[in-house]
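So the structure is just underneath, and the comments pick up after that.
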Amino acid sequence: MKPTPQHHFSNLTIGVLELQGDFAEHTAMLRRCGAGKVTGVRETHHLQHIDALVIPGGESTVISKLLVDLKLMQPIQKLVAENALPVFGTCAGCILLAAQIKQRNEQARIGVLDVVVDRNAYGSQIHSFEVHLRSNRLPFIDAPPLRAVHIRAPAIVHVGERVDVLATFNHTPVLVRQGNILACTFHPELTEDTRIHKLFLEMVAQHKR
């Protein structure tokens, strides 16, 4: 992917799902990256006129219930699946995007990303950890490694043929892309590193052209 100058992000409107979790950190990071407008998504009409959607980390079961209660689930599914709306999910957002969850449960989810996830694969919050990632699949491979903060993180245990694995930890995918869908099991919004969010904004900018 050819890098897009940061000022080219100024014409983008990015929606951030503001139901639960660390949406404020995503909003701050996107603004820092030069996104022209960052708007909260809490109701269906908030989905109008956005160029992309970010689904933050938090409690996936809580976010799932609120998506259903507020009648946001199906409109988001349709926008992503039929209109190719770019979407970025971190941690709980990755779970909500996943087509399948390893544990048997009836949690409603957006389900547009062809992966299987194992919820809380690394244990409870006391087992949260941080690692540094390098990957030759990313456009900034010569830069310092990525800080990847995992908090009660899921694990991606299977990826479909359409999914491109961009980074791994202990041979397990932690950052994946499927078309206009980007997902990671960690929290880039909790660091000072803007590269993952800029990668997403580049995806959005190219989609909008």
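Any Cβ shown, glycine's included, is placed from N, Cα and C.
Residues or ranges marked as active site, nucleophile by TrEMBL: Cys91. For the recorded site, Cys91 (active site, nucleophile), the DSSP three-state label reads coil. Within the same chain, residues at least six positions away from Cys91 (active site, nucleophile) with a Cβ under 8 Å of its Cβ are Pro56, Gly57, Gly58, His150, Ile151, Arg152, Ala153, Pro154, Cys184, Thr185, Phe186, His187.
Marked as active site, charge relay system by TrEMBL: His187 (among others). In the three-state DSSP classification, His187 (active site, charge relay system) falls within coil. Within 10 Å of the C-beta atom of His187 (active site, charge relay system) sit 26 other C-beta atoms, taking all shown protein chains into account.
Of all Cβ atoms in the shown protein chains, 26 besides its own fall within 10 Å of the Cβ of Glu189 (active site, charge relay system). According to TrEMBL, the feature active site, charge relay system maps to Glu189 (among others).
Per TrEMBL, the feature L-glutamine binding site maps to Gly58, Glu59, Ser60, Arg119, Ile151, Arg152. Under the DSSP three-state reduction, Gly58 (L-glutamine binding site) is assigned to coil, being neither helix nor strand.
In this structure the alpha carbons, written CA, of Glu189 (active site, charge relay system) and Ser60 (L-glutamine binding site) are 17 Å apart. The number of other CB atoms found within 10 A of the CB of Glu59 (L-glutamine binding site), across every protein chain shown, is 15.
Secondary structure at Arg119 (L-glutamine binding site), as computed by DSSP, is coil.
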